[in-house]
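**Q** Sending over a structure as structure tokens; questions will come in a sec.
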Amino acid sequence: MSKPPVIWCVGGSDSSAHAGLQADLRTGQDLGCHVQSIVTCVTAQNSKIVDSVEPVSVAMFDAQWHTLLDDVWPQAIKVSLLPNYELVVACSKWLANIKQQRPEISIVFDPVMAASSEAGNRLQQSEAATELLTLMLPYVDYLTPNLLEFEALTQISAHQPVNQIAFQITEKYGVNQVSWLLKGGHHEAATATDWWFKGESVCGFSTDKLSVHNTRGTGCTLSTALACFLGYDYFADDAITMAKAYITGALKTGVQIGQGAGPLGRPGWPEKIENLPNIVTAESNLGQSLAFAEMNVDSMGLYPVVDSIYWLERVLKQGVRIAQLRIKDADSAQLDEQIQQAILLGKTYQAQVFINDYWEKAIEYGAYGVHLGQEDLLVADLARIQQAGLRLGVSTHGYFEIARALAFKPSYIALGHIYPTQTKQMPSQPQGLKRLQHYVNLLKGHYPTVAIGGINCERFAAVTATGVNSVAMVTAITLAESPEQVTRFLIEQFAQSKEVENANIS
Ligand SMILES: Cc1ncc(COP(=O)(O)OP(=O)(O)O)c(N)n1
Ligand SMILES: Cc1ncsc1CCOP(=O)(O)O
């Protein structure tokens, strides 16, 4: 069994266990991480009130860091309540030390000042708050204040256009390694949008505001979930998307314990599509509310991706029912003719043939569908493709791109790359089977899925066992000794895996 990521949570004990380190431990456990704790203070609180806060001594604080560091390095660190100035200084020294030795360890800082951000429930001495950003920012990668904390710490108004906020953040703090995730849960709007500021760029993660009572520990839970996903090595945009989906699930499953607001639920790995946030980006093309024609999911299965009519006909003859013409040589002679032929072959063999990239020609010649990558999506006229009735397949490489694609409801979502591939230079690491399984679980019953990248005959059964609707392959077919035999073998294997899946369902 693989080892769980180790996450350090630096913060206070909450006797009610609704928030604080107790909530962090439950979040880590829920997400398969091992949370180790560095206690900054003990608090006596319940669901209604914070009665008292007693900081630990700096000696005890240092001893916890020393002892843990003597044993194991974490994958990520989440810092929350630092109740007094001495502990802010001590913590910043430890973070400086960690960052110097292991800059790759992600540090998330949730600047907690009051329980449920109510002034009467103050957890932090005010002189600590004054120095918080000066001392901590140089070592922090992600800062997750709510609106009240943001305004108190920065003196920047959170009630102005987001571009203006971005401008003021960079003007005041410069462009550095810090990402700001400004949580919008306390805003009066109908949606709860968390805004992510990284330098000049701004991106929103938006959900409908939930009318729920049990909201205690929301900030702790979100920031720890973020640290956990970073600990699993997800990219920042994916980790934020997942943390937002997680908190939405947690808010929906909160429980009434005590007389005030109860704690959040622990909804497990984010695999509910309805909990994914809407992504609000500057790329207006990707925020369009469209809906593309549906595919025939039953005849997806093996999906050869080939670069000529010659290859297309070879695989279609073996019984393939979905295929793609992917010509990467833009000067290719007779490009128009190849595309027309491909469309014709699709009709002849009653197969769903997708044209890669050349969406205008695909519309002109009446293709069944178009496949577009992330860069193509920014420039293609998606509305025109949709109005022409073509199907649209899109490449995605993680939760963020999946969530963003859902706005325009593509016909299928491709997930890649799963294994190392020689066919194409990829800017990221292979995703592996575990992530593929999570994506399939998320999308099943909502969108057809296609796995791509480095899939060969040996890996095929494990990939189909995830329940993915289609497996796209290039070299495993085109470089095979007998492409016809391999194609027929894989079609048969896919059919068998579907039978097993259907038998398991019924
Ligand atoms: C089914 C399928 N999935 C992914 C891709 C890759 O498309 P894209 O990201 O556009 O990269 P190129 O194919 O253009 O290199 C695909 N072609 N098909
Ligand atoms: C086009 C593409 N997009 C992501 S991986 C890939 C290449 C897949 O080729 P192969 O099946 O030979 O690894």
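Including glycine, each Cβ sits where the backbone N, Cα and C put it.
Pulled these features from TrEMBL for this protein:
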type: DOMAIN; residues: 14-264; note: domain 'Pyridoxamine kinase/Phosphomethylpyrimidine kinase'
type: DOMAIN; residues: 308-477; note: domain 'Thiamine phosphate synthase/TenI'
type: BINDING; residues: Gln324, Leu325, Arg326, Ile327, Lys328, Asn356, Ser395, Lys424; note: 4-amino-2-methyl-5-(diphosphooxymethyl)pyrimidine binding site
type: BINDING; residues: Asp357, Asp376; note: Mg(2+) binding site
**Q** Taking the domain 'Thiamine phosphate synthase/TenI' (308-477) alone, what is its mean pLDDT?
**A** 96
**Q** Mind computing the max CA-CA distance among Gln324, Leu325, Arg326, Ile327, Lys328, Asn356, Ser395, Lys424, which the record assigns to 4-amino-2-methyl-5-(diphosphooxymethyl)pyrimidine binding, rounded to whole Å?
**A** 16
**Q** For the binding-site residues Leu325, Ile327, which one has its C-beta crowded by the most other C-beta atoms within 10 angstroms?
**A** Leu325
**Q** Measure from the CA atom of Asp376 (Mg(2+) binding site) to the CA atom of Lys424 (4-amino-2-methyl-5-(diphosphooxymethyl)pyrimidine binding site) and give the result in Å, rounded to a whole number.
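**A** Distance (Cα to Cα, whole Å): 16 Å.
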**Q** In sequence order, which residues at least six apart in the same chain have a CB under 8 Å from the CB of Asn356 (4-amino-2-methyl-5-(diphosphooxymethyl)pyrimidine binding site)?
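**A** The list for Asn356 (4-amino-2-methyl-5-(diphosphooxymethyl)pyrimidine binding site) reads Val305, Gln324, Leu325, Arg326, Ile327, Val370, His371, Leu372, given in order along the sequence.
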**Q** Using Cα coordinates, what distance in whole Å links Asp376 (Mg(2+) binding site) and Lys328 (4-amino-2-methyl-5-(diphosphooxymethyl)pyrimidine binding site)?
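**A** Computed Cα spacing between Asp376 (Mg(2+) binding site) and Lys328 (4-amino-2-methyl-5-(diphosphooxymethyl)pyrimidine binding site) is 13 Å.
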**Q** What's the most sparsely packed of the binding-site residues Lys328, Lys424, counting other C-beta atoms within 10 A?
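**A** If we count Cβ atoms within 10 Å for the binding-site residues Lys328, Lys424, the smallest count is at Lys328.
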**Q** About how far apart, in whole Å, are the alpha carbons (Cα) of Asp357 (Mg(2+) binding site) and Lys328 (4-amino-2-methyl-5-(diphosphooxymethyl)pyrimidine binding site)?
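**A** So the Cα of Lys328 (4-amino-2-methyl-5-(diphosphooxymethyl)pyrimidine binding site) lies 9 Å away from that of Asp357 (Mg(2+) binding site).
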**Q** I need the most crowded of these binding-site residues: Asp357, Asp376. Count other C-beta atoms within 10 angstroms of each C-beta and give me the top one.
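**A** Within the set of binding-site residues, the most crowded position is Asp357.
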